[in-house]
Amino acid sequence: REIITMIQRVIWLLAMVVLLGSLMIWIMMPTNTYAHIWLPNIRNKVNQSTYFGTQGANLLIYTFPVLFVAVLGSLYLHLEKKANDDKLRNMGKQHRYALWKRPMLIKGPLGIVSVTELAFLIMFMALLIWSFAVYLHNGFSLITPKSVANSGQKLWQAKLMSAAFRLGLVGNICLAFLFFPVARGSSLLPLFGLTSEGSIKYHIWLGHMAITLTTAHGLCYIIYWAVTNDISQMVKWGKTDVSHVAGELATVAGLGLWATTFPGIRRRMFELFFYTHHLYTLFVFFFVMHVGSTYSCMMLPGFYLFLVDRYLRFLQSRRRVRLVSARILPCQTLELNFSKTPGLSYNPTSITFINVPSLSKLQWHPFTVTSNSNLEPDKFSVVIKSEGSWSTKLFQMLSSPTSMDRLEVSLEGPYGPASTNFLRHDTLVMVCGGSGITPFVSIIRESMFASATLKCKTPQIILICSFKKSSDLAILDLIHPISGIQSEMLNLQLQIKAYVTREKIPTTDAIANSKNVRAIWFKPLATDEPMSAILGPNSWLWLAAIIVSSFIVFLILIGIITRYYIYPIDHNSNAVFPYSTRAILNILVIFVSIATIASAAVFWNKKQNGKEANQVQNMEGTTPAASPSSLYYNADRELESLPNQSLIQVTDVHYGERPDLKKLLFDCKGSSSVGVLVAGPKKMRHDVAKICSSGWAGNMHFESISFCW
């Protein structure tokens, strides 16, 4: 463990050094020192190459360092995964950085923002302001009355054109970071303790800034062309220069997807938002055509890692997963149980995307994984609350009296944190509303595993949940896996405080319905595969290999094309060979490199996954065949048969009232470390964040689990 920890520290330190060097480049880029001294020296040494041409310097400065850090991150996370059990045993670690995670901003357009997030946001805004100010100062210094008179322009017109150009340069900084938060399986986010879902807000912030700056860039140029009687520039497609038409098409595509991103539209018409967001492909394509392949190397790292992740997700989504059973609860809730290979491991609060072709071939919906890969090595479970049109149709399909032998389902993921610190607290308070309980089910099951198998001391767990109706209390049954639990796994300090807000007493129908939980057993086809990791148990190592190998293939192919096709025509002058053709060749080579290497890696791992899948099928074949017809059992009878404690004994139900969150949380002040997790409506998250950020809650460590996807 000490050796692994030391290696991880070395890797992390090396990654930080490289990232700080890249950050220094971004800071210095607007200055004359970089433009007139650093960059020319690098280009004199690199751009003379007949293999990479003028884009060689940008590949070296902007692309290589970030991909190198991504590879280091994959190695770091591989070691993290190997040491995960040891970290579970060592749960007494102090929270040295708790202050930096404390909520700073709670209400407002940014949502809940921690001290660290606010600090980095301020630094990023400072980088944008610094870049624009320096660019503008250096640009305006070249505009003199004499130079303006020679060009036939007015002074303000020349400055407008200079400002328009600089707005585009600053907007490209936002584009360079735009795709990092949405690469779900990337190694960069978990290297810094982030998840893709939790980073969606960073993507939103960057997207708003990027579209604002690039739109202002385009509008200023249009105004400049209009006042100088040169509006024909709008239809210019330069052969070896910037293509104005491509820039305009990129702006139109960006505005089209941006228009549907505002909360009011996104919540009411999510499908419109989802489908129009695919305009990003046109935006990126025309952006590259607009600025050329050389300059687009600045934003290439984020988009490159996103393409690797997107293609792996595509390959995984082609599989049909073995759905074994389902639990139907009286509160319009489903639990789907899939078969999985033992090699697939994930952490609590992970999320998976589900597609049911019989409902929609295009729609993929995210749901929280409630099973625990340690406690349930051969099962993968998700919970679906019937709230939208898609989930309602699925519930009606499975709850109908007509028996169903098989349901065709595809899964993508799971995605979650690389490691969790939930069990290191003395007390763990989990506040949820409605279906927000689902991520906490996986945490409770992780506690069961840590207590029973690893013999670890687990924190006292207080689950505070709010429901609209008493029938919704049935969702608490999901804490127990359908396969049952050994008695020693219930040796937890578990306390459940449930609040039914819209009923003062339990209704007769709710009591009757809660007695029956319906279970359906399916008959999967032999071609249905158990859920497995697309790159196998050593997925982080394989991801590093894909990034390295595909980038090497890209360099080889683009080097051959440049040396034997472009260079004989252009001779590194950038004055003969068309910009657009060079850009298209670069895009095609990137796609071919990633698709070839990633497909080979997936095919290689498919053999190992196939062996595990056969073992799982053999194990399923030795168990007694379950009837495909619906099975009924008494939920209370199952709970009461547990020897140590049952949910009934640890649950305190309150009718006709809402939880007094401030009182409930402050009652835990006696513990030295209190972890506070919240998942539910926006107001609930804000209320809990406000309490934890107060000066009276110094021992509380807040974390919000939002459902951004």
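Yeah, the Cβs are placed from backbone N, Cα and C, and that goes for glycine too.
For 316-421, the entry in TrEMBL reads domain 'FAD-binding FR-type'.
Under the heading transmembrane segment, TrEMBL lists 12-29 (among others).
Under the heading transmembrane segment, TrEMBL lists 59-79 (among others). Remote same-chain residues near the transmembrane segment (59-79) are listed as 4, 7-8, 11-12, 14-15, 18-19, 21-22, 25, 42, 46, 52, 176, 186-188, 190-191, 297-298, 300-302, 304-305, 418, 538, 540-541, 543-544, 547-548, 551, 555 (criterion: CB distance under 8 Å, separation of at least six residues from the stretch ends).
Feature annotation from TrEMBL assigns transmembrane segment to 110-136 (among others).
Packing against the transmembrane segment (163-183) from elsewhere in the chain are residues 26, 30, 62, 127-128, 131-132, 135-136, 139, 189, 196, 199-200, 202-203, 206-207, 209-210, 212-214, 216-217, 220-221, 224, 287, 291, 295, 298-299, 301-303, 305-306, 308-310: each is 6 or more residues past its ends and has a CB under 8 Å from a CB in it. Feature annotation from TrEMBL assigns transmembrane segment to 163-183 (among others).
Within its own chain, the transmembrane segment (204-225) has Cβ neighbours under 8 Å at 110, 121, 128, 157, 160-161, 163-165, 167-168, 170-171, 174-175, 177-178, 181, 231-234, 244, 247-248, 250-251, 254-255, 258, 261, counting only residues six or more beyond its boundaries. The transmembrane segment annotation in TrEMBL covers 204-225 (among others).
According to TrEMBL, the feature transmembrane segment maps to 245-265 (among others).
Distant neighbours of the transmembrane segment (295-312): 55, 58-59, 62-63, 66-67, 70, 172, 175-180, 182-186, 188, 284, 287-288, 534-535, 543, 546-547, 550-551, 583, 586, 590-591, 594-595, 598, 602; these residues of the same chain sit at least 6 beyond its ends, with a Cβ under 8 Å from one of its Cβ atoms. Residues annotated as transmembrane segment in TrEMBL: 295-312 (among others).
With a cut-off of 8 Å between Cβ atoms, the residues of this chain six or more beyond the transmembrane segment (540-564) that come close are 50-53, 59, 67, 70-71, 74-75, 77-78, 81, 185, 187, 304-305, 308, 312, 585-586, 589-590, 592-594, 596-598, 601, 605. Per TrEMBL, the feature transmembrane segment maps to 540-564 (among others).
Taking Cβ pairs closer than 8 Å, the transmembrane segment (584-604) reaches residues 55, 285, 288-289, 293, 296, 304, 307-308, 311-312, 315, 534-535, 542, 545-546, 549-551, 553-554, 557-558, 561 in its own chain, all 6 or more past its ends. Under the heading transmembrane segment, TrEMBL lists 584-604 (among others).
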Summed over the domain 'FAD-binding FR-type' (316-421), the DSSP helix, strand and coil counts are 13 helix, 39 strand, 54 coil
Contact set of the transmembrane segment (110-136) with the rest of its chain, CB cutoff 8 A exclusive, min separation 6+ beyond the ends, reads 26-27, 29-31, 99-104, 162-163, 166-167, 169-170, 173-174, 201, 205, 209, 685-686, 689, 704, 706
With the cut-off at Cβ under 8 Å and a gap of six or more residues from its ends, the chain residues touching the transmembrane segment (12-29) are 35, 38, 61-62, 65-66, 68-69, 72-73, 76, 127, 130-131, 173, 191
Near the transmembrane segment (245-265) in space but 6 or more residues beyond its ends, with Cβ under 8 Å, are 204, 207-208, 210-211, 214-215, 218, 234-237, 272-273, 276-280, 282-283, 285-287, 289-291, 580
Across the domain 'FAD-binding FR-type' (316-421), the model's average pLDDT, rounded to a whole number, is 87
